[in-house]
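Each remark here refers to the structure printed beneath this line.
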Amino acid sequence: MAYPFQLGLQDATSPIMEELTNFHDHTLMIVFLISSLVLYIISLMLTTKLTHTNTMDAQEVETIWTILPAVILILIALPSLRILYMMDEINNPALTVKTMGHQWYWSYEYTDYEDLCFDSYMIPTNDLKPGELRLLEVDNRVVLPMELPIRMLVSSEDVLHSWAVPSLGLKTDAIPGRLNQATVTSNRPGLFYGQCSEICGSNHSFMPIVLEMVPLKHFENWSASMI
């Protein structure tokens, strides 16, 4: 989860988020190099006589500033396309969970089980216990097995929502009449928090998401107790 005054990304918990973090660092390095080069050239122009006000044509320079940006864009596009493909690809999911957005709560249905569905509302501030997080705790957590590919089907019953869990690299739009798919895989157990990331009305800020990733045996015990 995020902390006050945090500057970096949340700790990566899924392979996708690890790839996104690496891509962020890769792109940031390119931006830093370009910015440094531009500032260096500007400083040279302001402090030296390396200017040619009468030069109207420079074929070599035009060739360089055409080819170099193309190479830079390719270096950014190739890893980006690879990650996009990874985010859309899912083979043989161990579990499928259908998520529906409402004003202003989430409902979940485990399609592999009969009658395993529930609504998830934010716990009001006055009802929080010591140590619980304001605006992030829910009455029913989404319990999922760790280290297994899980398919999330996301849609909405009313207006546009967005189901997002940053530490897992997840952000999927919930659109009425349409099912969007996302892949959830966690490398470790724990509680992972998210929120609706699409302005959906007056209580948009009160639609938290809590995923509880547990070992498979614990998940089987939980699902048996819920049915």
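Even glycines carry a Cβ here, placed using N, Cα and C.
With CYS196, CYS200, MET207 listed by Swiss-Prot as binding Cu cation A1, the candidate from HIS161, HIS218 annotated for that site turns out to be HIS161. A separation of roughly 9 Å, to the nearest angstrom, links the Cα atoms of HIS161 (Cu cation A1 binding site) and HIS204 (Cu cation A2 binding site). For the Cu cation A2 site, the Cβ centre of CYS196, GLU198, CYS200, HIS204 serves as reference, and the other residues of the chain with Cβ at most 8 Å from it are GLY101, TRP104, VAL159, LEU160, HIS161, SER162, SER197, ILE199, GLY201, MET207. Between the CA atoms of MET207 (Cu cation A1 binding site) and GLU198 (Cu cation A2 binding site) there is a gap of 10 Å, rounded to the nearest whole number. Other residues of the chain with a Cβ within 8 Å of the Cβ centroid of HIS161, CYS196, CYS200, MET207, the Cu cation A1 site, are GLY101, GLN103, TRP104, TRP106, SER162, ALA174, GLN195, SER197, GLU198, GLY201, HIS204.
Other Cβ atoms within 10 Å of the Cβ of HIS161 (Cu cation A1 binding site), summed over all protein chains shown, number 30.
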